[in-house]
Amino acid sequence: MKRFIQIKDLQSALHLQPNPVKIGLVPTMGYLHEGHLSLVKRAKKMCDLVVMSIFVNPLQFGANEDLDRYPRDLERDARLAEEAGVDFLFHPTGEEMYPEPIVTQVEVSGGITEQLCGASRPGHFTGVATVVSKLFHIVRPDCAFFGLKDAQQVAVIQQMVKDLNFPITIVPCDIIREPDGLAMSSRNIYLSEEERKQALILSQSLFETKQKLQSDLFQSADQVNQFLRQRIESQPLAEIDYVETLSYPRLEPVSDLKQQPILVAVAVRFGTTRLIDNILFDNGSV
Ligand code: AMP
């Protein structure tokens, strides 16, 4: 595995590749876990050369969010990336990505970014779309791999790629979970033992929701949300940010649960840690 900090070095190495070589990009913020590595596995199946980026992008963090304490361990990440078969690891500094304050940004507007995390994290998706556009221009991948753990992010990137004609295939990848169901996340490390226990309510209640949806036990999106709220509020440390049932990928209100796919998404705080999880329900299969 080759490592790069500078954009020009990465680009020279990419230009030296024999033509045609199918390039896959896996953008991450590091502190890697099996969720990230599953994207690499998928990329290796579909592409000849896999580039992983590790960059904790300040543009996508709000002023009161966890940019400064976001977990980082570059050497461990490099080891895991190499073991997983990453060919090029790109881990630029903040100065390399943003040598001057950036004045050009990519904004995906409309409902897709106004709902869910867009509502509770203003500016977040503009930060994401901007850094992902930069990475797309730097690496020029044929395919880029994103996890459905961040289902709204997948929808936003797909919209951006369509609207701006990026010649890139976006490959959504399934959520990887801990054996007990908790969706893997770099932020899980913030959880105390008790918070970690109570956080299980997210996956548990989403799985229960999935079963009820499959058995046609809900009349409306409101009922789904109410059920989930009740289940999540059974845990004293859980503070709900949102519980929503929306169409996917447009993220519009759902008037008929039979109009699928639908996204059931939750964001919940445990102490200072905000966790997200979701199920994507499509024709009875999730
Ligand atoms: P992050 O480092 O959190 O920005 O995540 C980088 C990429 O990994 C994003 O496309 C995420 O959706 C994806 N990802 C994070 N956690 C998981 C997970 N548990 N399962 C699948 N993909 C994930």
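Glycine too: its Cβ is placed from the backbone N, Cα and C atoms.
Automated prediction, rather than curation, is the source of TrEMBL annotations.
Straight from TrEMBL, the features:
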BINDING   29-36, 147-150, Ile176, 184-187  ATP binding site
ACT_SITE  His36  active site, proton donor
BINDING   Gln60, Gln153  (R)-pantoate binding site
BINDING   Gln60  beta-alanine binding site
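Structure with TrEMBL features highlighted.
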residue: Met29; record: ATP binding site; DSSP (3 states): coil
residue: Gly35; record: ATP binding site; DSSP (3 states): helix
residue: Gln60; record: (R)-pantoate binding site; DSSP (3 states): helix
residue: Leu148; record: ATP binding site; DSSP (3 states): helix
residue: Gln153; record: (R)-pantoate binding site; DSSP (3 states): helix
residue: Ile176; record: ATP binding site; DSSP (3 states): coil
residue: Ser186; record: ATP binding site; DSSP (3 states): helix
Checking the recorded positions Met29, Leu32, Gly35, His36, Gln60, Ile176 against ligand 1, those whose Cβ falls under 6 Å of one of its atoms come out as Met29, Gly35, His36, Ile176
Here the 10 Å Cβ neighbour count for Met29 (ATP binding site) comes out at 18
Students should find that the Cα atoms of Ile176 (ATP binding site) and His36 (active site, proton donor) sit apart, in Å rounded to an integer, by 9
Rounding to whole Å, the Cα atoms of Gln153 ((R)-pantoate binding site) and His36 (active site, proton donor) are apart by 15
Cα-Cα, His36 (active site, proton donor) versus Ser186 (ATP binding site), nearest Å, comes out at 10
In all the protein chains shown, the tally of other Cβ atoms within 10 Å of the Cβ of Ser186 (ATP binding site) is 19
